[in-house]
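J.: Mind having a look at this structure? Questions to follow.
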Amino acid sequence: MDLKSQKVKLNDGYFIPVLGFGTYAPEEVPKSEALEATKFAIEIGFRHIDSAHLYQNEEQVGQAIRSKIADGTVKREDIFYTSKLWCTFLQPDLVRPALEKSLKDLQLDYVDLYIIHFPVAMKTGEELLPKDENGKIILDSVDLCRTWEALEKCKDAGLTKSIGVSNFNHKQLEKILNKPGLKYKPVCNQVECHPYLNQSKLLNFCKSHDIVLVAYSALGSQRVKGWMNQNHPVLLEDPVLCAIAKKNKQTPALVALRYQIQRGIVVLIKSFNKKRIKENTQVFDFELSPEDMKAIDGINRNIRYNEILFGVGHPDYPFSEEY
């Protein structure tokens, strides 16, 4: 089945490709790798590219997209590009300038999707992770409904086609959905989601409000120190997952991705390894049986690899809620 044709309709009428290419890499990975990997991903059929101001590589990712437009591989409208509003720009008056900065880095006229990266505000300024003298991140407070209104204005201005959120719990989503004078609903909620954290309650909530769930860390995690809990088991070594993979003559990674797609989730894959990037496109070549799906549902352990601990204790920290 063709990777390019697999799309899901968003609640504002646009379409998002169900398999996306994530561009986050740890600091030690050279920026040029994001450029090469993104170009390769587009060449083999990826049309959904996910990045963020936080990743500090939008220049390279934009360059990759533009070079594939220039050589005739794609047109701009074939690409679905997501950027994210970082925590230091959640104050309403900083939202549009933050998006304009991303567009300038990308050298694109618009993004397809702009989302709030994480609901915990940090001290405003140029520093990505503003810290006090003890090395503790300096948090701030903001009314996320006002932040959302600023995103709505960006959509009206044509700077982004769609707007959404990331790492929100159901109460935070409800707050926006019930906001007086809401103009646009979030089209998506991008969250950590994999067989050890299958997010079934959040998924049901989102489906009931026509919000697409987008999964990051869909294969567990890359175990980035400082962001990740290093003590959790490795998802792709799970015996149930491995047995299902063997039965279907697939890799555990492909089974984990296929599981999400069959649940109606849009899934991001993150790899700068060409062999793996290509392998991940085979997710459309097979189907899991209802028994396989049920067995994978059964390995959920509510294990979160990305605990994003700097926000703990903040009233907007999203993960203290069950879902």
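Cβ coordinates come from backbone N, Cα and C, glycine included.
Just so you know, TrEMBL annotations are computer predictions that nobody has curated.
Features from TrEMBL:
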ACT_SITE  Y55  active site, proton donor
BINDING   H117  substrate binding site
DOMAIN    19-300  domain 'NADP-dependent oxidoreductase'
SITE      K84  site 'Lowers pKa of active site Tyr'
J.: Name the residues of the same chain, 6+ apart in sequence, whose Cβ is under 8 Å from the Cβ of K84 (site 'Lowers pKa of active site Tyr')?
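T.: Counting only residues 6 or more apart in sequence, the Cβ neighbours of K84 (site 'Lowers pKa of active site Tyr') under 8 Å are S51, A52, H53, L54, Y114, I115, I116, H117, S166.
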J.: Considering every residue in the domain 'NADP-dependent oxidoreductase' (19-300), what is the mean pLDDT value?
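T.: Computed over the domain 'NADP-dependent oxidoreductase' (19-300), the mean pLDDT is 95 on the 0 to 100 scale.
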J.: What count of other C-beta atoms do you get within 10 angstroms of the C-beta of the residue listed as 'active site, proton donor', across all chains shown?
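T.: Excluding its own Cβ, the residue listed as 'active site, proton donor' sees 19 Cβ atoms within 10 Å.
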